[in-house]
């Protein structure tokens, strides 16, 4: 059984015996326990289990104790460390020198013992050795007997832990390409060096004929298929057929295609993670899957010109339920856009919520909207907005039909209930695919995302000579008047899922205007997640040594390793590039 990645907590202490160390043992170990309790009571793994922490077997005052801690952590699948101390310790003697995992240090802000002095000293050692570490120091002085973790310290500890866990969850997993390059899209030209060196992942690939092989040879669970077909007939609404008359398929052919796309979903899932039922059916090799944390399906054009498209498969893999009930989503990229798949993966591992995959299709200016509809934009839409619309698939959680405190949300599967599942299905239909684009047919996904949801749009790009670069845009979904929505939506494909998005503007750089956001976006796709998580993404990017070329996150929320400040404190964007370039990828 594969262990969850864990956070290692290292209580460091002044090594002087005969009074000094003894007086600090309880306080120091209590700091470690309080950090472990904070993380385990607040954060969850993608499967819903509480995050696990491992505390060093003793406080660490000298090198042998640091070594003992290191050995324990190696056996315990520790993916990151947090060192805590209320006092002076011996910097390079007590530090964790693992170069391939993130490190953070919390130095207690008190007056009796110099925790801040140790923090500064050990961070200097980390900087000299080229092993980045995050420094955490509370704003306000605390009493020596105060066991509470201040709110500003909590925020940094949790931000660090979320990002560090993401690095651990990615390590030693795989990206699975189903097919190859779709329509010349750069993101589907999969770069194995990027996955290996930056994420610690491997790449696997299967030809799309694997789907037809498994269908023809019955390499799927026939009992599940019958159950799935019954559920789809009862719960999934076939939408209006927008095709011109000569392209409309017969009822008999549409029914056959429903069976086909259900099998596509089952096979796509089994390819990613395996299925023990296949071994019972005599297919032991296929039963193990590909250990894929994220995958993509080429589809266009070789598959979709002949077979039903992948929209149903992609939609339900990214959705948190199917005929087997509520479950965690799979991260799955349209058109095998591996870079958008990784963007979705970053978002998912930080939030445990499903992701919207979308084309960044159109910038609508206030003037253009008024010209086309006669409507004057107001509120969050006043400066214009972006039309996010994928060519036929999207997680049903993207409807915004789940709620929290009466507001639309996208939330982890363990918070979802059956009434929210039904609301998503009721507010979605599946029209026959546009056969001018998808000659083989299939069924697309059509819904409108509810407005007023805080969301973050993300994209990872590869820049020749630099490597991966991340861009982040926080903003809100919009709810337009119904007639305005229909007028604008019908100018594209009315059978596809739509999200209206207004990025938060800052008045400078790429966020001077909504047009500038669109104009600076690095690719045709974006990954959209619930919540404003830009600060967490920046922290994660720094751990992976991926520079961020545009974002609208407030400066006070940016949390990177301490040595980033030695690359410059005025132009943080340039300093980020220099730090990432000098340090190189995390797993190289």
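Each residue, glycine too, has its Cβ placed from N, Cα and C.
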- Item | One of 335, 370, 378 listed by Swiss-Prot as binding Mn(2+) at the site of 359, 525 | 335
- Item | DSSP-derived class (H/G/I helix, E/B strand, else coil) of residue 335 (active site, proton acceptor) | coil
- Query: Quick one, of the recorded positions 335, 359, which Cβ has the fewest other Cβ within 10 Å?
  - Reply: 359
- Query: Looking only at DSSP and grouping its letters into three states, which state does residue 525 (Mn(2+) binding site) belong to?
  - Reply: strand
- Note on the structure: One should report the C-alpha separation between residue 525 (Mn(2+) binding site) and residue 335 (active site, proton acceptor), rounded to whole angstrom, as 10
- Item | Other CB atoms within 10 A, centred on residue 525 (Mn(2+) binding site) | 25
